[in-house]
Amino acid sequence: MTEDIMATSYPTFLTTPYLPMKLLMNLTNDTEDICVFDEGFKFLLLPVSYSAVFMVGLPLNIAAMWIFIAKMRPWNPTTVYMFNLALSDTLYVLSLPTLVYYYADKNNWPFGEVLCKLVRFLFYANLYSSILFLTCISVHRYRGVCHPITSLRRMNAKHAYVICALVWLSVTLCLVPNLIFVTVSPKVKNTICHDTTRPEDFARYVEYSTAIMCLLFGIPCLIIAGCYGLMTRELMKPIVSGNQQTLPSYKKRSIKTIIFVMIAFAICFMPFHITRTLYYYARLLGIKCYALNVINVTYKVTRPLASANSCIDPILYFLANDRYRRRLIRTVRRRSSVPNRRCMHTNHPQTEPHMTAGPLPVISAEEIPSNGSMVRDENGEGSREHRVEWTDTKEINQMMNRRSTIKRNSTDKNDMKENRHGENYLPYVEVVEKEDYETKRENRKTTEQSSKTNAEQDELQTQIDSRLKRGKWQLSSKKGAAQENEKGHMEPSFEGEGTSTWNLLTPKMYGKKDRLAKNVEEVGYGKEKELQNFPKA
């Protein structure tokens, strides 16, 4: 950090932003043992950049974690890695307000030494855990593309949980010395929270920082580059179709994702580590003051890029994870459809829906709440001792053939379109706003289609009625079946108890006294149930 007193071979001093740069350079030329920095730019750059990362990164990462938890269960290995990556980004973003205050107040830290150590720890913990989780994702995707059979057999979510625990443990152990090095230094007018350490310990800190950089950045960087290079080579292999060689769209999309990840990795992490290493060793070697100033400015500019990784990771989730992309799009569409429906009702309060061709879907018996009998007596009170007879076989058959009707109308549901005002067109409902020529023509087409559909339904209904009249299927109660057979009564009766279950009897298979009612598939799923005897109303 530039707020640290530099541990070079000559004495160095930090300036305030109030001294002009020309005077500082003249002072540097006159005294060879003094190198003066002008760091006024960072008091504007860092607060603004950290504030932007906080305002953008916090909602994005919280939304990502919510989608992972609420919309994407159960998790696969990639989802496990991405959730831990989002958790790491969220913890770091939550620490940024303290740094915004620190740099806006010109290197004044009023929060104490413990919080200073914690904030610096979170920065490097997020930095290196992000790199390691991206490495895990890269290795997992490489195995899935280049070795799909072995990856399915050997890699699952449990293994991913273990790997993530090892990543957190490794990063924490590697950064424990950083908690010891980082400290605060009280000055006359302010208190400095060192990003590195005190000047007398700076040489040892550089050695430690170099080892951590090679272990947690250098090696993962090589692994990521190797995995994505091999994946690109595998995906670039075309598929031979006849005499032509084509590259499928999913392979092109995967290659674009790889390019995006590599560019994001290069922008966020590479410049920061290169300029930081140059800055540390330039201070140790005691190079010329002008060159040291240039390296210092470059290092400060690249620090916001490392923090911006917390905002780029959610974009990576959207591009690299198909499940995340589908869940996010579905959630956004559901949220946006609610105000559209409200606007539709408020903008057209007097319009009445008109039914188009085809019957409406019938609610299944399980969806009807039941508190006893659906039949009411003369006093209007519900009773379990009453029964209603249904003599209209068409209503019964409509219930029995509900699934076939819905399936027949499924093709109409797929033809959903947008009306003139951009609102969703609802199936079987048409809102007439204007009686113009085009509307009348569409109504004529709708009438023709409805007549055809009604004709088909009538033909199907006739066939079912003929079956009922022949006695192939019969609806009746248990004890009343014998009486109905003697009288030749074929009128089906409806059971109004409970969930209004429809019961189907096959009299040829059972005796007159021991008849069982077989539930319709929608309600009973093939289970048999005895009908209870209720007196006819």
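Placement of Cβ uses the backbone N, Cα and C atoms for every residue, glycine included.
As annotated in Swiss-Prot, Cys116 shares a disulfide bond with Cys193, one of the listed residues Cys35, Cys174, Cys193. Relative to the membrane, Swiss-Prot puts Asp38 on the other side from Ala320.
Looking up Asn29, Asn296 in Swiss-Prot for N-linked glycosylation site, the annotated residue turns out to be Asn29. Looking only at the disulfide-bonded residues Cys116, Cys193, the densest Cβ neighbourhood within 10 Å occurs at Cys193. The largest share of C-beta pairs under 8 angstroms with the transmembrane segment (50-70) comes from 293-316, of the ranges 119-139, 162-182, 211-231, 255-275, 293-316. Mean pLDDT, taken over the topological domain 'Extracellular' (276-292), works out to 90 on the 0 to 100 scale. Secondary structure at Cys193 (disulfide bond), taken from DSSP and collapsed to helix, strand or coil, is strand.
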